[in-house]
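**Student:** Annotations for this protein, taken from TrEMBL, read as follows:
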- B:Ala493: site 'Determinant of potassium dependence' (SITE)
- B:6-27: transmembrane segment (TRANSMEM)
- B:57-75: transmembrane segment (TRANSMEM)
- B:81-102: transmembrane segment (TRANSMEM)
- B:123-156: transmembrane segment (TRANSMEM)
- B:244-262: transmembrane segment (TRANSMEM)
- B:274-298: transmembrane segment (TRANSMEM)
- B:360-384: transmembrane segment (TRANSMEM)
- B:404-428: transmembrane segment (TRANSMEM)
- B:435-455: transmembrane segment (TRANSMEM)
- B:499-518: transmembrane segment (TRANSMEM)
- B:530-550: transmembrane segment (TRANSMEM)
- B:631-648: transmembrane segment (TRANSMEM)
Protein chains: 2
Amino acid sequence: MELMIYVPVVMAVIGLLFMYVKRAWVLKQDAGDGKMKEISDYIYEGALAFLKAEYRLLTFFVIGASILLAGISFIVPTTHILIVVAFIFGAIFSALAGNMVMKIATKTNVRTTQAARTSLPQALKVSFGGGTVMGLGVAGLAVLGLTAFFIFFYHYFMGGAWTTTEQMTIVLETLAGFSLGAESIALFARVGGGIYTKAADVGADLVGKVEAGIPEDDPRNPATIADNVGDNVGDVAGMGADLFGSYVATVLAAMVLGNYVIKDMGGSINDAFGGIGPILLPMAIAGFGILFSIIGTMLVKISSDDAKEKQVQGALNIGNWVSIILTLVSCYFLVDFMLPEVMTMEFYGEGAKEISSMRVFYATIVGLVVGGVISSVTEYYTGLGTKPVLAIVQKSSTGAGTNVIAGLATGMISTFPTVLLFAAAIWASYAFAGFYGVALAASAMMATTAMQLAIDAFGPISDNAGGIAEMSELPKEVRTRTDILDSVGNTTAATGKGFAIASAALTSLALFAAYVTFTGIDGINIFKAPVLAMLFVGGMIPVVFSALAMNSVGKAAMDMVYEVRRQFKEIPGIMEGTGKPEYGKCVEISTKAALREMMLPGILTIGFPIAIVILGKLVYGDNNQLIAEMLGGYMAGVTVSGVLWAVFQNNAGGAWDNAKKSFEAGVEINGVMTFKGSDAHKAAVTGDTVGDPFKDTSGPSMNILIKLTCLIGLVIAPILGGHTEPVSTIKEEVKKEIQVTVNSQNDQLASAIIITTKTVNGKTFTETQTISGTLQEIEKKANEINGNK
Amino acid sequence: MELMIYVPVVMAVIGLLFMYVKRAWVLKQDAGDGKMKEISDYIYEGALAFLKAEYRLLTFFVIGASILLAGISFIVPTTHILIVVAFIFGAIFSALAGNMVMKIATKTNVRTTQAARTSLPQALKVSFGGGTVMGLGVAGLAVLGLTAFFIFFYHYFMGGAWTTTEQMTIVLETLAGFSLGAESIALFARVGGGIYTKAADVGADLVGKVEAGIPEDDPRNPATIADNVGDNVGDVAGMGADLFGSYVATVLAAMVLGNYVIKDMGGSINDAFGGIGPILLPMAIAGFGILFSIIGTMLVKISSDDAKEKQVQGALNIGNWVSIILTLVSCYFLVDFMLPEVMTMEFYGEGAKEISSMRVFYATIVGLVVGGVISSVTEYYTGLGTKPVLAIVQKSSTGAGTNVIAGLATGMISTFPTVLLFAAAIWASYAFAGFYGVALAASAMMATTAMQLAIDAFGPISDNAGGIAEMSELPKEVRTRTDILDSVGNTTAATGKGFAIASAALTSLALFAAYVTFTGIDGINIFKAPVLAMLFVGGMIPVVFSALAMNSVGKAAMDMVYEVRRQFKEIPGIMEGTGKPEYGKCVEISTKAALREMMLPGILTIGFPIAIVILGKLVYGDNNQLIAEMLGGYMAGVTVSGVLWAVFQNNAGGAWDNAKKSFEAGVEINGVMTFKGSDAHKAAVTGDTVGDPFKDTSGPSMNILIKLTCLIGLVIAPILGGHTEPVSTIKEEVKKEIQVTVNSQNDQLASAIIITTKTVNGKTFTETQTISGTLQEIEKKANEINGNK
């Protein structure tokens, strides 16, 4: 079964092939008539223009970071120059994934509109088909890239056969470059896309809806194309890059910890997988997850054109649960098959324990359960008609102020069950199988990423399809059909965000554990003041990052507002529909603003860990142990605070959004049915405006912030001494002194005092021994002791 | 100089005497005529009614907590039953302090109004006089209570003379009961008062200003008295209890760490202060701080009736800086005088270091600098006319949504300099003198609490004075004068919050350090999964606490809205001023709602640490080390997250408030002067509504939440093994075996092999020694070795 190493690659290729077939099917669908096609082409070109500009800018970043990494690889003996290659490929793969999902999304939009002209089942088939292509594309590329590079490095550094955990560490450290590349691009894609989409959205709304009084998605609004482009570059390309990064990081972290499992078991194990079963396992789970996602996506269908949200949601749920349950079953067999029956595992502070490998399976159950429960929790706090959302609706009757307070409070309270769930998951999966268990819980949760992304992505597709229907002035029933899909999509978007943050939290912890093991420190002690100080600093970063992202949206939106106002004023006949708005200008402005504004948060994320190491080096010089602990404290601070702020912002934003939406069907406030256009609705719109950057810009960025921070730590780890200079080295120095005295009464008899001074790590032990015998005997013994035989 | 122990008591008594004199002077001032007196009496009675109801409820809490503490003292040998006495007195003193400041505040309000009829200098003199009484009362009671109990316990447990650090630990642990009592009451006072004041405020505004269209403080509004009562029970009594608790906790933490300084120096030191100089030092600094505060308050005066905000602020600044500089100078002499010139201090992970005691002085400089800088930082983010506040004003032009986003972002960004400042302070003061340095930094900062509180308290007094002027329909210039004071008061309130959070942060860290030393664990390692899980849980608590507090305000405000609406409908002639509103009903509703709503946050704060210990015991049984680390992780999470959320909420709230106020004088938005009543102003009012619970309810509660959490940890510490079973005990067992052999060639000569087996803490060392000589000599030596001489 040594060929097991190739199985994930095969699965990934199968996934990509299936994606290719599905893609061909989607593209074969009717793309509609003139006006629809025209608008769709505008969106496609706008989105592509943004990605091109973004990638052009990021090329400089990749070159700069590569030079830095190359520098590190020259200084640190265990960091190989190949990390630069891995980094560049990680970046390219991530960009590829983002580019691919964006292209298919913009192509699917218009085809969904066209399909919605015939029936709802057909519209779902097309939009979910597009989602499936995106899901499989991202997951397939992630597994393919990671496993292919692993196989390459495994052969390059170890000749394709197990040598030592130290050698494997070099393999995995080099592989970390791939993950770092992917996650770096994801950060910029998420932040840039998030700023773009909200700037265009807010800009279009403020001038179009509020000032000019024209409806949403009205073709007379110059920002309307930019708004639709935003949906694609933010929700779609950003999310694709995000999940791509998560997938890679999760599997990588599990592999690193798998290597340490082998170390704990004596440095090598005998199994049918070339002795690397624990390292291959997460890749295998990821590979099979692609297959089960394919099966799951096939089950998503509805038959009746009269179906409502409930039926559509039901169809999605069936597909989702089938893929999750299949993954669970496969985890059982894979764990049983690939891991030694009994494993020795080092539990920090409790020593080595013998555990059954089945406990690793239990850890994967924890991961799948968390993935399921978190969706329900998110749904409870943000879903239409739930108690918290209805409470926000009620509070809208007393104005925007009370609506905003209620929304903030809902987001804040939602951290309670979420964090308790995470804490329990960390604790339980650790109790089952150490940090390897935590990492595998995350891996199992992420295994069905393809399915998750498909479910997530069909929402924005339907949203856009509705927009195209509106702009092309199609019959009302088309919009009604896309609205049903859009409404379900809003729920799946919220639960998808819960899933993303859960996976990011577990992944970060696994990366954090990998970091501690990489650096070889014996834990992170927050009772050391510099470590505690860095915990504070780390906790602050997500808050400031979020603020920067929110402010960026504000600034970019202002640019858009001025441009739309200018066009309304300067283009004759624009309001009458005779003058043509300059859509391109607005797209350009959004692009420029998003790229400009994504820099500062990006620099903050990447710069701080590096600054801490430099500061630590300046103050503590060679005390790498302490510097590593400081960086670890920082990572912990970012993770804890980042998870909190992600949950808070995502759920507050989701709750406000649906509180506003509640008015569309009408809600009862103090016994009176209240609808769109009422004062309460206006208050709810204000809440939604606040929630928009929360849920679409700063909130989702938190995932990448915490993962990227932990990844940077992992790449820096070797600089901080780490395993190159293990702290457990025992420096032993032995000095012997022999004093021989001849017996005064019998000169043939002598005695000798042997004073042995042993210095171990600076501590001195002295031992005195006296021997006696004949002079010859003494001399012989003394020579023996001195090593001269 | 053994009498030094009594010096702080003397200082406290001087402070209280001075307070008494000042109080008599304030009360002697003219309290105005009929209408004014009537309103003032309503406020006085309403506030007193609330405090009475609150204290009645808290009596049950104190009894329950006392039983729990008594239970602990029976189980844990080192926890003495006297802790219950200390706890009850701590609670009583805190209630006394709250009661006292509240009474004097309500008495000063109306006298300030009356004084404002004559001149501004006189109004400042009266209002600041009231503030001085409050400041000295709180500080005097704090120092008196703490030092008196210390002296009592010192004599009770140690006979008034140094014995061992273990004995002193028992003294200080019992004293921790005093601090726990004070902080518990402070929590309820802060939260209950915060809910009361905002419920009444929002309720009065929503129905009075918005629905009925009558101005603020209009006597026709039934909630107007409740609103004014709220200012007193929230801003005044709540703040008084808060600072009382901080003061006690800070000094206590420094004393605990002082005891460990003595331990590090070999368990006893020789100094002129009975060998307890390092423990007395923080008390002495606090005592002298009272004197310098008195001097500072004397310097606060203005001479011209034409003075503006700037002159008033200038007068306050002079008094403040003089007291701070005098404290700094006194710190130099006290450190020089009371500490051994060279101290041995254990630095965690770096071993023992010899440091000059002057480094403790440097740490106090750090504290004073942080106190000063934090005020400037807070002022920058929240002050009238500053860049961030003007940016919020600009954003108001595009609606409430963008105003709210800008305010949130400002609060969030303000964590950046603040947290960096705290992190630097922790690091620096620790680097100077370990955690003792951190505690003394906090002590020095808190030394001028009396002055700080005087500056803080005169704001709400002036605010109330303005309200009374309005309600009594006094001439316009009276209100103008009180408005000047109120405006300055708003700034000092914001900077006071910055000061409070800075001191709470440092105090919590000192308590955290005391906790670690109490439990005897060797640090808190967040690489242990259960500890990390608790770090997450701890981080979540401040967020949920804030949400609960905010929701409580919403609920209580709704109760008020319904009552005011009822009165407007049912009382004939109320709007024409002929029918008399039932003020008492509104006061009662606020009181009930506040008391009902303060329970849940209180239970959350007190219950969680206890729940963690119980959970830990259930899972880990006797592994107290791990449970102690888990609780420590929780404490760190609460502290880090609590500081962040305190800064975020206080500064966002302050910034919104002043953004709204900016419209009163008019602001330029996009080149147009904009005033009150404009759409932009309405948007700013919405922001202020959101900010109100932020800055007056949930934000300020964070201080107490983090301090109380750390205090509960400290009181629980002995249960978790702690010093009752010190981990550093060396269990040494020595076995000796002597094998004597007679020389085969000469039976008078013999040799002996002495095998010494030493077992230290489970590790065995074997030593072999051979001696030779005549049989008699051997026998003699063998006997010697066996200890039989």
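Heads up, the Cβ atoms here are built off N, Cα and C, so glycines get one too.
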**Student:** What same-chain residues lie close to the transmembrane segment (B:123-156): Cβ under 8 Å, and 6 or more beyond its ends?
**Tutor:** 5-6, 8-9, 11-13, 15-16, 18-19, 22-23, 25-26, 29, 82, 86, 89-90, 93, 96-97, 100-101, 104-105, 107-109, 111-112, 115-116, 171, 174-175, 178-179, 182, 236, 240, 243-244, 247-248, 251-252, 255, 283, 286-287, 289-290, 293-294, 297, 300-302, 312, 315-316, 449-458, 461-462, 465, 481-482, 485
**Student:** According to DSSP, does B:Ala493 (site 'Determinant of potassium dependence') sit in a helix, a strand, or coil?
**Tutor:** helix
**Student:** Please figure out which one of B:6-27, B:57-75, B:274-298, B:435-455 racks up the most CB pairs under 8 Å against the transmembrane segment (B:499-518).
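**Tutor:** Per the Cβ under 8 Å count, B:435-455.
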**Student:** Please list residues from the chain of B:Ala493 (site 'Determinant of potassium dependence') whose Cβ is under 8 angstroms from its Cβ, counting only those at least six apart in sequence.
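**Tutor:** B:Ala493 (site 'Determinant of potassium dependence') has long-range Cβ partners B:Asp235, B:Asp456, B:Gly459, B:Pro460, B:Gly654.
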**Student:** Have the transmembrane segment (B:404-428) and the transmembrane segment (B:57-75) got at least three CB pairs under 8 Å, pairs 6 or more apart in sequence?
**Tutor:** no
**Student:** Are there residues at least six beyond either end of the transmembrane segment (B:360-384) with Cβ under 8 Å to its Cβ atoms? List them, or say none.
**Tutor:** 281, 285, 324, 327-328, 331-332, 335-336, 339, 343, 410-411, 413-414, 417-418, 421-422, 425, 428-429, 432-433, 436-438, 440-445, 487, 491, 494-495, 497-499, 501-503, 506, 650-651, 654-655, 657-658, 661-662
**Student:** With CB pairs under 8 Å as the measure, which of the listed stretches B:6-27, B:57-75, B:244-262, B:435-455, B:631-648 comes out on top against the transmembrane segment (B:274-298)?
**Tutor:** B:435-455
**Student:** So which residues does the transmembrane segment (B:631-648) touch in its own chain, when a touch means Cβ under 8 Å and the partner is 6 or more beyond its ends?
**Tutor:** 411-412, 414-415, 418-419, 422, 498, 501, 504-505, 508-509, 512, 515-516, 519, 521, 524, 526, 530-543, 546, 608-609, 612-613, 616, 698-700, 702-703, 705-706, 709-710, 713, 716, 720
